[in-house]
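Trainee: I have a structure here, written as structure tokens, and I will follow up with some questions on it.
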Amino acid sequence: MAAAVQDSRVNPGGKLKRSPKKKKKMKKVAKAAVSKLEDELKDSSGGEGSCESEMDDSDDGAAEADSEDNVESCEEENEVAAESSAGTNSGWADAMAKILNKKTPKSKPTILTKNKELEKEKEKLKQERLEKRKQIDKKREWEMLCRVKPDVIKDKEAERNLQRIATRGVVQLFNAVQKHQRNVDEKVKEVGGSIRKRAKLMSTVSKKDFISVLRGMDGASENSSAGKSPKARQTEVKSEEGPGWKILRDDFMMGASMKDWDKESEGEEPADGQAGSASH
């Protein structure tokens, strides 16, 4: 056993680099040898002195081996840390060198914080929105200028007067149209059934005739309204509310002229024939 322990000892003078696996194996072997020696010492009672000396020698050897292993492990850890720090430093240095050696175009700034093109675009869009909003507000103010919401309670009489004026104007317009149509119909009857004379008559009819009729009715209505009493005016307004124009009447399409439209056209043909024979 002593020979086995002596063989397991490590020479302190020769420091060799060992792998962590070998170190673990050496520690296990040393512990196993120590445990065997202790068991033998307990069993054997005769050779205590020799066993104790061997135990002391083995303990010293194991302690020396452990100390050497700890020193070597510390050295290896320091070397690994130095290599890792050197690797990170070299990577950082490479990255910085790449950035510093990079050539930037003259149109773009070298410092990225000074590159404020996006901020300028955002500011420009903001200004455009503000200008559009100002234009819209200005347009609304112009549209709402001099607009006043009518008060139903205060402006009741004024609204009634305006309604009366509007109804009078509409009734007067329809009466003027009716009178103008009557005048045209009378002239057509005077002409007779000749199509040429009718066409000539219709060509002479213009807007001025209608406007003159409308103005004449306006003056006549003013004169008549000035000479009438208030009660007569009210009755006139009520009568004017009814449909005075032919088109607004219920029996407009049922008149005699519309029923006999084909007879009139037949009667016109011989008249044209007579006119032609007279010319010959």
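In case you wondered, yes, glycine gets a Cβ from its N, Cα and C as well.
Positions annotated as region 'Disordered' by Swiss-Prot: 1-122, 217-280. Taken from Swiss-Prot, the feature N-acetylalanine applies to Ala2, supported by similarity to another entry. Marked as citrulline by Swiss-Prot: Arg9. Swiss-Prot lists 15-30 with the feature compositional bias 'Basic residues'. Residues or ranges marked as coiled coil in Swiss-Prot: 21-45, 107-143. Residues or ranges marked as compositional bias 'Basic and acidic residues' in Swiss-Prot: 36-45, 233-252. Per Swiss-Prot, the feature phosphoserine maps to Ser58, Ser67, Ser206, Ser265, Ser279. Per Swiss-Prot, phosphothreonine is recorded for Thr104, and the stated evidence type is similarity to another entry. Sequence annotations record features per position, and here Swiss-Prot assigns SUMO2 cross-link to Lys108, Lys179, Lys208, Lys238. Marked as SUMO1 cross-link by Swiss-Prot: Lys238.
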Trainee: What is the number of other Cβ atoms found within 10 Å of the Cβ of the residue listed as 'phosphothreonine'?
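Mentor: By my count, 9.
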Trainee: How long is the line from the C-alpha of Lys179 (SUMO2 cross-link) to the C-alpha of the residue listed as 'phosphothreonine', rounded to the nearest angstrom?
Mentor: 90
Trainee: Among all protein chains shown, how many Cβ atoms are found within 10 Å of the Cβ of Lys179 (SUMO2 cross-link), not counting that one?
Mentor: 16
Trainee: What Cα-Cα separation, expressed in whole Å, is found between Lys208 (SUMO2 cross-link) and Thr104 (phosphothreonine)?
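Mentor: Lys208 (SUMO2 cross-link) to Thr104 (phosphothreonine), Cα-Cα distance: 82 Å.
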Trainee: Give me the Cα-Cα distance between Ser206 (phosphoserine) and the residue listed as 'phosphothreonine', rounded to a whole Å.
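Mentor: About 82 Å separates the two Cα atoms.
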